[in-house]
Every structure is written in structure tokens, then in C-alpha cells.
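Here is what TrEMBL records for this protein:
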DOMAIN    20-81  domain 'Polysaccharide export protein N-terminal'
DOMAIN    95-141  domain 'Soluble ligand binding'
DOMAIN    203-245  domain 'Soluble ligand binding'
DOMAIN    291-335  domain 'Soluble ligand binding'
DOMAIN    389-433  domain 'Soluble ligand binding'
DOMAIN    580-663  domain 'SLBB'
DOMAIN    687-766  domain 'SLBB'
DOMAIN    781-823  domain 'Soluble ligand binding'
Amino acid sequence: MKIVIALFLFALSFTCWGEILTPGDRIFLQIPGESDFEQPFTINDQGLLLLPEIGPIKVAGLKEPEAEELIFQALSELYRNLDAFKLSVIEQLIRVQVLGYVEKPSAISLQPNSNVQMALTKVGGARPGAQLDQFQLQRQGKTKLFNYKNYLDSGDPSLLPILQDGDILFIPASPLLGNIEVNFDAASLINSGDAGEKHEALTIFGELRNPGLFSYKKGMTVIDALMRADGVTRFADVSKIRVITDNKPYIFDLKYYLDTSDASNLPPIKPGTTIFAPIEVEDIGTSKRSIYVMGEVKEAGVFEATSETSFIDALANAGGPTRFADTTHIKLLRTTKPPITINLVAYTKNPQSINLPPLESGDAIFVPEKLDLNEKSWLKVTDDRAIKIIGAVKKPGRYEWSQDMDFMDLLAHAGGPNQQANLSSIRIIKESKNTGHQVLFFDFDGFIKRGSPASLLPNLVAGDSVIIDELPHDPSDNKSSWVRQSAKDSIYIFGSVGAPGRYAFNREQGFLDILSAADGPVAQADLKEVLITHRNGQQRKITRLDLAKYFETGNEKLLPKVLPGDVIYVPPVSSDADDKAVKVMGAVESPGRFKWNSKMTFLDLLAVAGGPTQKANISKIRIIKERSSRTGGNILYFDLERFMDEGGNFNELPKLQAGDSIIIDELPHDPTDNKSTWLRQSAQDSIYIFGAIGAPGRYAFNQQMGFLDILSAADGPTNDADLQNVRISHRNGNHSTVTQLNLTQYFETGDETIIPKVVPGDVIYIPPQDRLWLDKSPQKMVRLMGSVHKPGRYDFNQQMSLLDLLAEAGGPTDKAYIERIMIVNSSCCGDKTQAFNLRDYINDPQKYPLPLLRPGDTVYVPDEGESTSQQIRQAFQDALGIFSLIALGAAL
């Protein structure tokens, strides 16, 4: 057995010894005692071997014995002890040039039998925008094209050519890119289409969310093509979509298809088809199902009716009669029959005895106007029977008065006060022949708060006027409305407060109320010297308040009583002398000069300055003493980071004195990529997470944490993460092992044994999903179009319902017409359509159950503009605008 092994090794060495050296080969030269030859050498692209003290020697194309003899001759001129010299080929590589639209075009070295994907990885991969189906392999003057995209889709390595030494791999750019080099925007290119060849693409344009050129897939319908362009906009005329296939035009009515689910109306779709969704224009709506509603209705216009539409349905769809309509003489006009008069009032009294005529296509309903439009004149109510209320009420005006009414009745009849009403000072003006002109004031706000009896309400009589003033909108910033607030109902606050100004005030409020209304004192306020000026009309009195002492003791007796008309002044803090202050500069939140006393410590001062910033170098804080220390120097250094890590003794904190200066430097700053502070975190305490994650990077980690902790710290996986193929590399220092995790299975089962144990040093990679929507079978999807936040194709299973689908699409938009959601159910016997009223389901889920939804179905949520009532309203507004222009032209 030993003889066989020896013969095998001999044959192997003989075979290797006859190999020809090529660029990229790694060679080891055995010269004992020479440190310069302890590492292997690599033959460069020119076929040269660069040796120390010898220089370049061309060895490419030589066999190993020839190269060994050549190198031996060159070394023998400088080295004497070459008895043990030997040339050994450690590794033979092939040299390949990777050019074109890649990240780093260059010549690279690869292992024999390497494929194209390995070569792309060496140069950083293809750049975004590379044409993956037109790769070129140039070998010995010949060019071979191959489809790299097919390999990525199938994973079949036989689709890729085996690279050989000297090959040139060229990566072309996609024709979607322009002739000017700009930053690649994949989202914009995808939104504008994904087709590379125009003659094989679908041209989709018009009123669509994302028009462009899109690739054709076998079996596509016009619905799939519209969904590929993210569906139509709310301005599209879905009844007149144009389709051109093989130079033959078709008109496709999407609304009719959703109503009938008749697949025979779908136009053919082939490569090169053109689809155009026109904008909806205002025209005269005439069809076989049109009826007309005119006259005194809310929204007159043209409506589409079915055989089941009744007279009441049409009238209700037009918004119903207005208050000026004569509902006793409604006319139903027909082209071939005499008009019919309908008494809607009689019908509402006894519906069983009156039969309303059925509607036919082309009928016109005319609601005439009442003849009696006289309004009641306010002059019929004389002054001795009327009372006036003006100001900040909902409906100010002149109202009829009775002695049975009181102040509350009048205020309620006027709609009550509005939000800005000054209820603490309501003026009541009385005009009497006996007493003359008299003004009374009533505190309605205090009346409500005290719960006073109705006997305390002011006594009103006919002829009185009630005026309710409006409060200023902003007491600290108003230039015109402040005069509405009486001076005797105001208090004044100035100085170092958040919003100084003139505020409404009454006797029920106190000092803290007005201070909080002014947003409180600012940080620079001197709380020990607050001044209050009491103005009682005859003499002035000044009160000094130590507000800081109140905050420390909570003694309510320290707060003075303030009244309307008083003035409060909060002075700012005066500057402190150097012999009473310490200066803090550098990387702190609030650098500046701070008061200092002997009871404060270094940490107290740092806390007053807001603490160090995130970029502060707290391991080397400088303290400049105004007076030299005992050691003779006036600069001290303090390591706050070590003090916090080791839990140092407080006696080790530096001793500060008034006049000292503290300087905290900032860590080095990289303006392009701020990664200078990561060095603080030890590699032994870190874990790494990359890929489709919210915040990939390097995180602090310890043995008490688990996989879910680091996943949540990195903001969790993104929407395009492939949770079924999570990779965890366990690095214990000697060798690494890789664990594959199906995170989707854990979320579905909750089995904790699936989650692997991770420790500091491990690497977690969550790959992104690279599947296209076209790869998903339509039999497993549901199409959602119309007025939803995210229309598209969605995965659907039997456990989901229509509500789940709408929720996944972000729900209907504000303009969605949810009373008529159209659902096209696909089946073996043909598609069927049904309408669903989501609003009825919300109001009564038991009475209106959810419709059955299966994979392959289509759901369309129409826009509010597609509702009949909205169209009538728009037509009425346009007509009103035309009449206004005509009237204006006539006036001019």
C-alpha cells in the first residue's frame, strides 16, 4: 500500500512539474534563511516575476524546470547558499479581463473552471442598468453572446460558459440608459417601463399612473397590461380605452366589462400592442340606458338606468327635489307617448294606492318650480317686540321677543356663543324713556361656573341690545384685534417668559394661571427677582417674589394675589463675574459661563451644561486652572470615560474653583461618512447584521441577548426581505459555521427551537427577494384597481377576505366610491361580476355579508367622480359657471 501511495505522489509531482507558467500563478521560492522569500510571489499580467534585489524576470510561458533554472542563474549572482533552492507552484490561476458596465473593470485572476458569476463578483458586480441578456465573451478574436438573465432566473450553471485564460468578458449597458452618464434611478426606469426592445414591448400611455413601455408575457390581457402601468387615474375615460393590435384598432369599455364580466369584449394583446387611456371629457351623455332629470333638483343631469331602476331611484340619484320644487306637478316626458303628471306628495301619503310609472330609456323627469316664493319680511316685527344680539355668536341678528323668554333663551336661539366669545364681560345696552341710555355688564362665565340660579340672569326687555365681544386670537402677537379685550379684564406680563403680552384675566385665577398662560419663564429668567405692580386705580404697590423659593418649598403663602390690571415682570439673569463663574466650552450641549459654588462637583457642572454631546472625546477632558495647582501646572486632564466604565470614586473627580475653564474636545469628524466614533465599541462586544434590514450595521451585543433582540435593534427586515433564507455565520475564532434560518416558519409556528443562538462576533445576513411580479401565477393572485392607495396584484389565499385585500392595499382613498365596489369572479364557466356596498356592510355586517373572493378575481374600487350624483353635481356647477360668464359679459 505504501508503494502505491508513493507512486501516486511521484506521478502527481511529475505532472505538475511539466505545467507551463501563466500570469496570475503564485510561486514559492525556497531559500532557507532569507526573510524576503518567505512569502509567495505572483506572476503579473506582463508575465514578470518581481524578485527583491534582482528585479523583474519574465517566466510566463516557461515550464517549471526552465523557470527554476532561469531564476537560479539570476539569484546565484547575489546569493551563495542556494543548495536547497527549489521552485514550487502553489496555485495556478487564469487571467480574465472584465470590461464594460461593471463597477471596477479590470483584469482579474480566477481559479480554473471558474464561471462568469465569479468573475463579476471579483470586479464588484454589474452596475445598475447593465443589459443582463446580452453578455459577450471574446476569445481568440471571436465573440459569443449569452443570456446571463436566464441563468439568474433558472440557476442552471450550464447556461454560463467556462472561462479560459486570456478571455475578455464584456458587459453592455441597457438601451434604457441615455447617452449622458447620470446617476441610475431604478425606480424611475421601472415606473416608465421594463421593456428593452421596443418592437416586443407593450406601449401603454394616456391617463395611467405609470405609462411607458412594458414587456409582454404570454397570456396577458388588457386588464393585466393596465395593472402593469399601475392602473388608470381618476381622470381616465374607462369606457373608451383604445387598443391597437396588428394595426387593427379596438375600443374597450372597462366599465362595461366590470359590470358584465364578459371576456369576449377583451381585445387581443400581442407584442407591439398599443394601449391608450384617454382623459374623460365633458360631453353629452347619450346611451341606450340614459334618462334625464331636470328642474328643481339638487343635481340635474343625465343618468344611466337599468331595467330595475324606478322613478324614486332616479329622483334620489339626482339629489331629490329642492325646497323650491313643486312636487305635486312633476312631469315625466317621453318621445313617443304623452307626458305623465306625478303627484309626489300624494304618493308619499299613500304609496300603496298610487303606482308610479316605470322608467324607459330616453325618459325625462322635469320637476317644476313653486309659484309662491315670498319670504317673511323682518319689518313686520316692530322694535317694541324685537331684541338684538350681535358679536361672537353663531347667528347674530334681530329676534322676536316675549316676556316668557330670558337671557338663556335668547342666547340659545342665536346658536350660542362661538369659541372666541368673551363670556366674562357681556354688554347689555338698554334704551328707556325713564332711565335713558344705560350699559350693563354680565359675567356669564362666572354664572356658569358657580351654577347660579336663573333669577340672577339679567332682566331683558324688548328693544334691548346684547353685545358679546370676541377675544383676541393671540394675546402675544396681535395688532388689530387686541382692542376687543377690555383693559379692566386684562393683566400684563413682560420679561423673560415664553409669550409675554396682554391676557384676559378674572378674579378666580391666580399668579400661576397667568404664568402658565404665558408659557412659563424661560431658561434665562431670574426667578428670585420677580416684580408685581398692583394697580388699584388710586395707588401703586410693588411686590417682590422669590419664585425659586416657592418651587423649593411649595409654600402657597409666598405667591401674591394678582388682579386684572396688575403688571408682572420677570427679569433676566444678570451676568456673573469671573470670580463666581466657571466656563465650559467644546462638545457639550449648552456651552457657556455658569454660576459656581463650593457645593457643586465636576459632574454637577457638566449636567448644568447639558452633558457632553455624542461626538465628545470624554476620555481626555482639559481643565485650565485660573490659579496654578500644587504640582505647578495650570492644565489638568481627566478621563471621564474610564471613570464611568470602572465606577470610579467621587473623590477622584477634579476639584474646581471659580474662574476655571473646562474644554471638551470633539472626536475627529469625517464629513463624507461619519464613522470615527465606532472605534469605541470593541469587536468582542459586537455583532454584525447586513442585507434587507431597516438599519444594517455593527451593534453592541452580549450573551444575555438573542437573535430577535438584534433583529429588532436593526429596525427589523424590510418589505423585500427573503425571510426564508436568512444566513447566520458563527465565528468562534478558529473556524466558522453557517446556519440557515427560515424566519417565516418561526413567525407562523412560534417554535423557539427554530431560532439559533447567536453570540458576539457572529454575522447575520438577510438576503433580498429578487422575484418579479410577472413570475407569480395569476391563479394565485387577486387584482385590485381603482381608488385605493396601492393598486396592484396581491397574493391571496382562502383564509383572506375582501377586507384583508383592501387593508393590504392601504385602504380606499378619500375619493373612493365605496357604495359600488365591483368584483369580477373568475371561474371555469366564465367570469361573473357583482357589486358590493362597503358602507352598508360597515353599518350592518349581519345583513350585508362580505362577498366571496378567490384567487384570480379582479376588484375595482371606482372613484367618487364616477358616481352618478357626482357627475350631475359637476354638470350643474359647469352650467352655473357658464351663466355667470354670460351675465358678466352682459354687464360689461
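In case you wondered, yes, glycine gets a Cβ from its N, Cα and C as well.
Nobody curates TrEMBL annotations by hand; they come from automatic prediction.
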The domain 'Soluble ligand binding' (781-823) in contact with the domain 'Soluble ligand binding' (203-245), cutoff 8 A, at least 3 CB pairs, sep 6+: yes
Three-state composition of the domain 'SLBB' (580-663), taking helix and strand from DSSP: 17 helix, 24 strand, 43 coil
Local confidence of the domain 'Soluble ligand binding' (389-433) - pLDDT mean: 87
DSSP-assigned states of the domain 'Soluble ligand binding' (781-823) in counts, ordered helix, strand, coil: 10 helix, 16 strand, 17 coil
